[in-house]
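Asker: I have a structure here, written as structure tokens, and I will follow up with some questions on it.
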Amino acid sequence: IRESATLTRDVLEQHFNDLKGTLKKLLDERLMSLLQEVDAIEQESIKPLDECQKLIEHGVSTADDLLREGESAVHGDVGQQNEKLCSFTKKALHIQLDSLPEVPSLVDVPCLSAQLDDCLLTILKNQIFRHGTVASRPPVQLEEFVEKPGGILVRWCKVDDDFIPQDYRLQYRKSTASHFEDVYVGSETEFIVLHIDPNVDYQFRVCARGDGRQEWSPWSVPQIGCTTLVPHEWTAGLEGYSLSSRRNIALRNDSQSCGVLYSKAPTYFCGQTLTFRQVLSGIETVGQPDRRDSLGVCVEQQNGYDSLQRDKAVCISTNGAVFVNGKEMTNQLPAVTSGSTVTFDMEVVQLGPSSNEGGNFKLRVTISSNNREVVFDWVLDQCCVSLYFGCSFSYPGWKVLVF
């Protein structure tokens, strides 16, 4: 509670400090714009009035000079009086003392004022008082972590009955990291997070977006998940196949060499789900199919074979045929194509001798592909709780992710 309360305070303070800075900047910009508008109107309107004033002042000054000259002529000496009066008369005839420049009427002269009211404050006040909420319980919470080889299956659930989710957003980080990162956004309520280091704690959190909304809900309480299972890896160095850096993706290259590519170790355990996913390889879709192409599991690695359609192995071919110990079953699954996902699930159903079937160990196998599945019992003559997986393709272009 204290940790989430402290984080919430920090988020609120940062958000409102940012808002105050932005609002101050916007108000300053608006003030500057209005002041510039006042300056422009003042300069444009005052210019003709200034010109009128200069003309009037010039006329008054000229009339004042002429008046003083007339007074001097009247009160001067009798000998100079006629000469001064003559000069005064000539100047008076050339000066138009009865004319004035055109002065704008009063209604045409601007009178500036600032029109301000309190409506903006009222609107802002109402919006500010409604801005932001504090939620004590997020509408979605993490529910379950399931260990996967090199990954974690994360499940979450909605805990608010009144909340209608549109999308979910899952984030994670190593416990030693400072920032969360998005790993899934979508409508599903579970997701397998891959590329997880074994025996390392990771923190997860999830939030949701309501139907028709843009903003995300509060985050769920962060929870720690980890896996003790090492990631599935293909064996490196087999000619004919190229591997990704994490060795969980195998690409059939254009080498003429053929054979079965096996896992590095028997990392598939009964009770788990093994998934093969056909992914795109560049601009290609998938390679040309061949009846020997196979995806499956086996008891042990056996070199010298060009397919998993052999003893002590169960597999599905790219045309959908299912083979058990080298024999094709009557039931068939959809063909493996671009984007196809094939899963294997196994559980132990019998230990000890079995005189009817000649084996002493029985596994119930479920193979699923494109929303269809087949279920059968696989009888072995030895106890096997961990198995190898493998694939074989005759033509280049096939690219398989295993997890």
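In case you wondered, yes, glycine gets a Cβ from its N, Cα and C as well.
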Asker: Can you identify, from 9-44, 117-152, 297-332, the stretch that TrEMBL calls coiled coil?
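Answerer: Going through 9-44, 117-152, 297-332 one by one, TrEMBL flags 9-44 as coiled coil.
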Asker: I'd like the per-state residue tally for the domain 'Fibronectin type-III' (138-231) from DSSP, helix first, then strand, then coil.
Answerer: 0 helix, 51 strand, 43 coil
Asker: Please indicate, using numbers and ranges, the residues of the same chain that are 6 or more beyond the coiled coil (9-44) and have a C-beta under 8 Å from a C-beta there.
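Answerer: For the coiled coil (9-44), the sequence-distant neighbours (Cβ-Cβ under 8 Å, at least 6 residues beyond its ends) are 110, 112, 114, 132, 134.
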